[in-house]
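**Q** Next up is a structure, given as structure tokens.
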Amino acid sequence: MKASMFLALAGLALLFVVCYASESEEKEFSNELLSSVLAVDDNSKGEERECLGFGKGCNPSNDQCCKSSNLVCSRKHRWCKYEIGK
């Protein structure tokens, strides 16, 4: 009876260690994945766009909206919108 209790407790302890180790690996993987995503995001911040995209805030006196996409800076709303009719 004592031997079976000892084996059961040893089995539970082993199961705990295995589960804890696999959970630690999962956390490390998710942390690495998150770090790589944030690193890619930081790299893209360094690259300034030459023009502003749709819905981006702008200044009508200094229109920096993308002309190639038919965007203009709205004087009323102060954001880049599509110019219709041209």
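Each residue, glycine too, has its Cβ placed from N, Cα and C.
According to Swiss-Prot, the disulfide bond annotation covers CYS51-CYS66, CYS58-CYS73, CYS65-CYS80, on the basis of experimental evidence. Annotation source Swiss-Prot lists isoleucine amide at ILE84. Annotation source Swiss-Prot lists signal peptide at 1-21. Annotation comment: Swiss-Prot describes LYS76, ARG78 as site 'Interacts with channel'.
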**Q** Which recorded positions from the set CYS65, CYS66, LYS76, ILE84 come within 10 angstroms of CYS58 (disulfide bond), judged by C-alpha positions?
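**A** So the list reads CYS65.
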**Q** Rounded to a whole number, how many Å is the Cα of CYS80 (disulfide bond) away from the Cα of CYS73 (disulfide bond)?
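**A** Cα of CYS80 (disulfide bond) to Cα of CYS73 (disulfide bond) measures 5 Å after rounding.
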**Q** CB neighbours of LYS76 (site 'Interacts with channel') within 10 A?
**A** 7
**Q** Within 10 angstroms of the C-beta of ARG78 (site 'Interacts with channel'), what count of other C-beta atoms is obtained when all protein chains are considered?
**A** 11
**Q** Please report the DSSP secondary structure of CYS66 (disulfide bond), reduced to three states.
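**A** In the DSSP reduction, CYS66 (disulfide bond) maps to coil.
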**Q** Identify, in sequence order, the residues in the chain of CYS73 (disulfide bond) that are 6 or more apart from it along the sequence and have a CB within less than 8 Å of its CB; answer 'none' if there are none.
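**A** Once residues fewer than 6 apart are set aside, CYS73 (disulfide bond) is near LEU52, CYS58, ASN59, PRO60, ASP63, GLN64, CYS65, TRP79, CYS80.
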**Q** In angstrom units, rounded to an integer, how far apart are the Cα atoms of ARG78 (site 'Interacts with channel') and CYS66 (disulfide bond)?
**A** 14
